[in-house]
Amino acid sequence: MTRQRTQHVHFLGIGGSGLSPLAQIHLAGGGKVSGSDAEDSPRVATLRARGVPVRVGPAPAAEKIAAELAGVDVVVASSALAEDHPEIVAARSLGLAVRRRSEWLPELTAGYRLVAVAGSHGKSTTSAMLTLVLRAAGLDPTAVIGAEVSQLGGNALAGSGDLFVLESDEYGGAFAGLEPTIAVITNVEWEHPDIFPDEASVRTAFTAFARRVRPGGRLVVCGDDPGVAAVLAELHRQGTPAAAPVLDYGFGTDRRWRAVDVATVAGDDTARAVVLHGGQEIGTLTLAVPGRHSLLNALAVLAVATELGVAPAQTLATLATYTGAARRFEFVGFWRAGTPDPAVPAAAGAAAAPPVRRDPATAAAAATTAPIGPPDSPPPTGIALPRAAPPAVDAPVAATPAPAAGPDHAAALPAPAGALASRSPTGPATAVADPVGEWSLEIIDDYAHHPTEIRLTLAAARARTHGRALWAVLQPHTYSRFAALLDGFATAFADADRVYVTDIYAARETDDLGRHPTDLVERLVGPAVVGYVPWPELVDRLAADVRDTLSGPVPAQAGGILLLTLGAGTITTVGPRLLAALDEPAAG
């Protein structure tokens, strides 16, 4: 049922991940769409290509805003815009209805069987997997997802069926007005400290969301998650409606949907498990995306799809084809320092390679479609850790002094210039054949910006390093999150060999908390080498360190490097820029 839409809706912040799919759905239903955004972006380009007029840049004078709003029925404003934003003020002065995203979603989803996928982490992946499964089953859903999914052609899908899959965010109460037929809660953890003062307030929001399931609906939850357990306990205390029975999933022995015999293979991106439903084996789940958390997301999809009439065997088959979403453990490219010296024996199975190999399509697309530049606010003038010889190139990030090696610290000694410290007191990992190739750098980009997300992402990466060093580059996202979750960030990088922390991406905030990236550098537990690098220097520093580590007849890290860029801001531009920098001759 493609709903017919007749209103002219003007979206403020139309290029954002929250509003761009809503604009596409409204447009697909026959409605008229226009909008504005502070920055140009691929999403803006997509909308313009479909005939949507979009003004990019700062808000103009009131007279011009009024002209842009002529004929508009409703203005939908991003939650990132303050009430005193000139375009919101102008719209109200013209007597137009101004709605936030949270207020528009019930209107957009009315008349559908709504599957609302909520949770502190994993929403985008779960929503994308579920949409792919439902489409393959011929149910032709409409969907709004918080990430670009190449298999779906973007972050929105306008289907003809009566199902609507909606990634449902707790931020700003975005899911508060929904009435889902099926509600999914992947996990519940303290996040968005700018609006949730503590974990209890987050749980209160999810409890209210869970109680909004329609009569005859279902509540699908991860039974292994302690935050979910707290929400269920509160629902029980309040009296859970019989109309919304709870279906749980996880690794626990008493889960209705359970994964057992979990297997991950070093150097392999796949995750596998045997799936039990009600204690009965229904098949093997194989995913082309890594990590135990991916298996949990897939279990949620199995539970929902089965309730909607899709056979588990068909769901398993479709899940095996899922290739991932943008910025979710996304391959950026790889670079090879050069063909190894024939006098130096390579690890068994390693093949000779041309001097440079990379993924030009991925790198070029990211370089041209993502904004390149510093974070929203000027980088703070913090303490840059000292650099050591040789003078021709920057030395690796200086090591932070660490206590004696023990269960919480990888090594007591700082890394020497041009070398990588051992991950353990017993010495470096044994070099083995690298699936990408020795003397190589592989770059993965991930949206992880919460300690739990970082921990899970690095665990998945560590399982596939295959003899390579694991480097993590973090751009903290928002001052409030960085300050509130600093202790969590400090212990989230235990799987990394080296950590670079750059300037905080401000997003919608101003710096009034007095925190700096060096606060994290001083607290990091686990990695042997850590350091703060100002944003303007980051790519040059990484390029120098990569060359220094991989170059020479006997590289300091012969197995290669797996480098992860982590964060929700402009850090996604670093991978393509680093590949470009490595293509240039080294200074000398």
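Glycine residues also receive a Cβ, built from the backbone N, Cα and C atoms like all the rest.
According to DSSP, S124 (ATP binding site) sits within a helical segment. The annotation ATP binding site is assigned in Swiss-Prot to G119, S120, H121, G122, K123, S124, T125 on the grounds of sequence analysis.
Per Swiss-Prot, the feature compositional bias 'Low complexity' maps to 344-371 (among others).
Residues or ranges marked as region 'Disordered' by Swiss-Prot: 344-411.
Per Swiss-Prot, the feature compositional bias 'Pro residues' maps to 372-381.
Per Swiss-Prot, compositional bias 'Low complexity' is recorded for 382-411 (among others).
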For the recorded ATP site formed by G119, S120, H121, G122, K123, S124, T125, name the remaining residues of the chain with Cβ within 8 Å of the site's Cβ center, in chain order.
V117, T126, T186, N187, N297
Which residue, out of the binding-site residues H121, K123, shows the minimum number of other Cβ atoms inside 10 Å of its Cβ in this structure?
H121
For G119 (ATP binding site): intrachain residues, at least 6 apart, with Cβ closer than 8 Å:
T126, V184, I185, T186, N187, V188, C222
